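As annotated by Swiss-Prot, [4Fe-4S] cluster binding site applies to CYS350, CYS410, CYS413.
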Amino acid sequence: MSAPRTLYDKIWDDHVVDQQEDGTCLLYIDRHLVHEVTSPQAFEGLRMAGRKVRHPEKTLAVVDHNVPTSPDRINGIKNEESRIQVEALAKNAADFNVEYYSERDRRQGVVHIVGPEQGFTLPGMTIVCGDSHTSTHGAFGSLAHGIGTSEVEHVLATQTLIQKKAKNMLVRVEGELAPGVTAKDITLAIIGEIGTAGGTGYVIEYAGSAIRSLSMEGRMTVCNMSIEGGARAGLIAPDETTFAYVQDKPRAPKGEALEQAISYWKTLHSDEGAHFDKIVELDAAKISPVVSWGSSPEDVVFVTDIVPNPDEIKDETKRASKWRALDYMGLKPGTKMTDIKIDRVFIGSCTNGRIEDLRDAARMAAGKKVAAGVNAMIVPGSGLVKEQAEAEGLDKIFIEAGFDWREPGCSMCLAMNDDRLKPGERCASTSNRNFEGRQGFKGRTHLVSPAMAAAAAIAGHFVDIREWN
């Protein structure tokens, strides 16, 4: 009888093409997502070598990082560097016969939102993209992670990837979440617990009753930020919630093929007694709405807390690092999180740009007005999310409240397009990174859930949404 295996073990074993004595493996790749930033050199490498894309039907190209989100983008991209990258992807996709969603396509959006929407992402698959937040797709019980540009070329040419297996880590979150506490709070709490290096060298499996109770969109939020916890990939075993989500997607199997797929997908779980090299446990009932205070995703506290004092940290290097973060953020120890005023709000990104995220934000914004002096923007994660939100009237709620309703794209998650912070501006953001300069030169980012961001836009400062009305 074979030894018990983890979910990661099973997917890995099913995709190993060859293994060397030192543990280096050649892994078959089921799906390859491509965007305009990390792909130009890869396609050029193919062109120079006279190679084709080995499996164009397993490759999907989407523009997201550089595209403007303003309504006038139909008139063209003004920024020359951005325009060149977008035009290059369009040409490369055409030259190599790869399906491509341009900024004029209703299916266009952030690549990690588009893949699941189209059923391109399915359980049990290996999925890669030249983007560290590819871990998002692990929510479906797939092994998904980011790769570098040279690896993008390798996958395009061979549909394989050279890898060494990571260790297994289990993050178990048990219990029931309190009202107002979301998947974003779970993932920020996990990173606060393990630190940004806690998952280094591991693939994380998220489990427990609190994870099981999440929708697919919530699970995607959790897996999305695995890389912020140091892990290249994070995954959740597929279940009935997963099957119900994927079955009506355009690229999902249908009829008898779907039944066969589901019978296989049901085997994708960690066996009883499977070995994990590291186990972390959290009590969902003890998680409150989370706000980041520093310049690392591990710098988090509950909204009811105060800005911590770095002098309480024993490690000298880390203590100095946290003081630098406070200086950059313009904060002082002991400040109540609810006293921190904001200038900007960004609701969107591959972490929180889905329809459920917009519904959460709209519930906070309904019948209210954005505070004077606050610039708040809503960026749907895809054209399909935007259409659904407008069909539900969410756009009207946001516009009447004073939010800016935008077109889909990565937007202010990163300062690679027109949406960015000015020096010194403080932003409540539903994105995944609060690094120095991430949202703009000297911009100050606080990571929060969509509901927390919307409430901050209305109040002009952070509030505990469990008590705020």
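Even glycines carry a Cβ here, placed using N, Cα and C.
Taking Cβ-Cβ distances under 8 Å and a sequence separation of 6 or more, the neighbours of CYS350 ([4Fe-4S] cluster binding site) in its chain are VAL110, VAL111, HIS112, ILE113, HIS133, THR136, ASN224, GLY381, CYS410, CYS413, ASN432. Report note: the [4Fe-4S] cluster site is defined by CYS350, CYS410, CYS413, and the residues of the same chain whose CB lies within 8 Å of the CB centroid of those residues, excluding them, are ASP64, HIS65, VAL110, HIS112, HIS133, GLY348, SER349, THR351, GLY353, GLY409, SER411, LEU414, SER431, ASN432. Taking all protein chains in view, 30 other C-beta atoms sit within 10 angstroms of the C-beta of CYS410 ([4Fe-4S] cluster binding site). Within 10 Å of the C-beta atom of CYS413 ([4Fe-4S] cluster binding site) sit 29 other C-beta atoms, taking all shown protein chains into account. According to its DSSP assignment, CYS413 ([4Fe-4S] cluster binding site) is helical.
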